[in-house]
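Sequence annotations record features per position, and here TrEMBL assigns divalent metal cation binding site to A:134, A:165, A:191, A:239. If you look up TrEMBL, you'll see A:281-403, A:432-575 marked as domain 'VOC'.
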């Protein structure tokens, strides 16, 4: 099926938008009238430009407040329509979107609306054009797809059909019924948009907070299935009004849009993408740090019980291990992409898969890597042998390997480190990697989640919480067994000049089987643990009435605590290791599913204090 | 009356917030529990810090989900309360905010709620503390102030009273009645917040979009009047949850908060501020431009019909005049503040007032200038003689002078320019300044409006419209006669890296009595007018069915057109004159009140095209 995108989804002038849509591989566009009006290109020139770019003009939109008007307004509306038909013929656009009237003068009279739309369709037909009638969710009298279908049926003209818009339908009813019964020849056009369920009026919701398919919580595969069952074979066209996308680089947005559409097509069984095993665990996490930070990071790993077990055979990369937790420590690359990677970074995540090549083929088919790779930061890929890598929107490389220890394992690229104990020398304080938490670029939060979903991980709902320097949102991607967990965080508003928190924090959380033993040993070995204020424990006592002994232990080791219906969580943090990386150690008891998120503001304030103290010491 | 602010209004850690509140002159704070929990200071240390800063701790908040619970939960809730009483005694905070239960286990039983609150109040009283009960607008069973009062009345304990929150009250009913009948001794605390009327659920609205008084559209003076009539004499305390303020510099936010509170107090007759005449017109607009832009700006002024009529007696500043439009043209200052003023800028607005000193005293009393002046850009003040100036949040200086031509006028600082014709030599194409449009710093859009209101101007509702590079919002400050008009614009989202539009545009709109004559003359004299695309006129024709002759004239002179019920507007633009300044010429016919805002996207796309062409020519 053809894939289209409405120009209103993208930021920029019409020229920017067409370039971006073509570069992302769309077959066609809906031209939003305001984009055409502001363009210096004539409609014929726009047609030629689209042809050059390989884009069809699948829809011209919107035409507003046409139907259901008193008879004396009809002539003016028809005159207006004829002028727009002129534009469409010059453009080579065959279908006009007419959305249901919102004007105060519109009359609640289905027969009148049908009659007037029939007159419009007759005129369109004479020009070889056709009318796709759409019910806006906030239409004055016609606000449901069913009502719009009733009017189209009544008007009964071959040049009049329906435009279905998933937002207008699913914002009102999550499981519409009967769409599969509409005759296919009456389904002229399909617009697709997703959204989170927000507690707000449908007009503001639609105009500000639409998302691309899969980024929100609407059941788009279900709706698309119904519409395909009805026989619709027209374009699958994205129409997303979103405040952030309106300001973001249209080239990135268009690629994200295509990624969403491909994933939707696969969900609806309309696209043949190789299946692949879900990642079954973390192979390793790679840190690329500046020379200034390297000693601190290495020292902290050692204090946490990690052993420097391997050295890369050809590059200055170390392998640190403890239980199933594996960390590669590399210097900041001086090469490709280095200028874009300021300071220390989690440069790569390696996932384990029973069939890495298939996982990568699947991810590539779903555009999980940006169409234009910008390269990662650090020693990515090279450090880890020949595994192909994806680059996530935040520039973290994602590698997929066979499980550790299997034949052909990436670890063959490492030889035993000089002076290091054997790999198994860890005293077992930490047992593995629990999760990795990565700050996303502001404009790309939504799309990042879909990259992880393309790898087979499932996404949590978006959570939101206050923190000292602004509201934070987060979304977690996990496998069913919770062996891989990547938490994407971002701010609700783009940060401005006043942002004294850790800039774009990233952290790795390790699992411990005994959090107190781990904390005690880490402290004894000189790890820079993060001090937690007494007030936190006083509040914990007030809220939860913990045993005094437990409370004392928590406080003694700066361990934070939370519980929910499923279980408990104990966790502690290190201070900042360089510019933005830190570690966390967690012990989960029972089926605790949170991420200790309630403690994040406390952690953030504590990190800020540490840095202020360091500045004072330095200053 | 005492002025307080809740720490939750401000960004940062508790230390940042207390510093900011004290610096802005608040008498007290409400301490938000999460701020205390994340602080390394003990409650006693916080008490000492507040005392050092001259801040009382007027409230500790919030205590949640206490009342109306099954009896077996009461013991745990009382234990929790006792621990918080410990904190309060150490803090020296006397009043605890208890907000109405939202928990699923809360029971709909007023008698039970009253009984349990009475038990809590008894315990508080034993410690010398008291309980202020507040109805959250989304409380499970208690969601109106009237209902909370009914429960407090029923509980009948001297240590139990009401906390009134203007948001919870006015979000539900715009004119509450009966508040003035509550006995004064039962009004324990008053929290003030404003908001725009938004079509969304009250919980999200409250948590994300509260504003300081006067920034929204609630009738706060009316409510405050009722509460004062009841005899309330406690603190006036601001409690504003706002996504942007949560991320903005707390020092600026605190000053903006104080400015709002002072204006509210004046509106409610609680503050004695000198009255002053409303500005009656523009004295002049001052442009400070780089050496590279100066010739372009001067040439364009000349082409528009301005005459270089004066030279400052002691500084390199020119006075350009035409009719009542006066423009000062200065070089970019190399001195104070110059490093913060990148490129060309509208550095000052001069308003005319019958009593400038009184206007300035009034503005200063309402904190219209930032408490810490950052200095303006350009030759401000000095250029214009000795008039004292305010500095708006966008760093534009605002000067207030006696009307032009009156004794002691600022123009005495200028001598007749060499080689210039007499002042009255203009051929009268342009007659005055219609409005000045200024982009506001993202974090300071809300507060900027109140600076202009402090000068006696009235504010329009906020308008919002789509534009090629993102959504734009605008708000206009005018005098009743519409002789002064300042339009503040901003983006709905902070701009990111991809922002190819004019950066932070500023423009001056001049009035013409015959827009076509003005456009023709400007073009004949070589002014760089902005070309408007044909598609715009085709759409105008489709929408409005203009006379072909008029349509041709509009198109010939690149004049844009709009109309509303009141009248018509004709306007044209120049290209960009340097980095971000341009001019507009407008003719209003009848009582057109808009600002031709519908044409903004067309203007923006046209400016971008011009710049792209220039880059091509240069490249």
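Each residue, glycine too, has its Cβ placed from N, Cα and C.
Quantities reported herein were computed from a predicted structural model and do not represent experimental measurements.
Taking the features listed in TrEMBL, we show where each one sits on the structure.
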{"residue": "A:134", "record": "divalent metal cation binding site", "DSSP class": "strand"}
{"residue": "A:165", "record": "divalent metal cation binding site", "DSSP class": "strand"}
{"residue": "A:191", "record": "divalent metal cation binding site", "DSSP class": "strand"}
{"residue": "A:239", "record": "divalent metal cation binding site", "DSSP class": "coil"}
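Cβ neighbour density within 10 Å is lowest for A:134 among the binding-site residues A:134, A:191. With a 10 A radius on its CB, residue A:239 (divalent metal cation binding site) counts 27 other CB atoms from all the protein chains. In this model, the domain 'VOC' (A:281-403) carries an average pLDDT of 81.
Residue environment of residue A:165 (divalent metal cation binding site) contains 25 other Cβ atoms, counted within 10 Å of its Cβ in all protein chains. Using the Cβ center of A:134, A:165, A:191, A:239 for divalent metal cation, the list of other same-chain residues with Cβ within 8 Å runs, in sequence order, A:97, A:163, A:164, A:166, A:167, A:168, A:189, A:190, A:192, A:193, A:237. Residue counts of the domain 'VOC' (A:432-575) by helix, strand and coil are 43 helix, 51 strand, 50 coil (DSSP-based).
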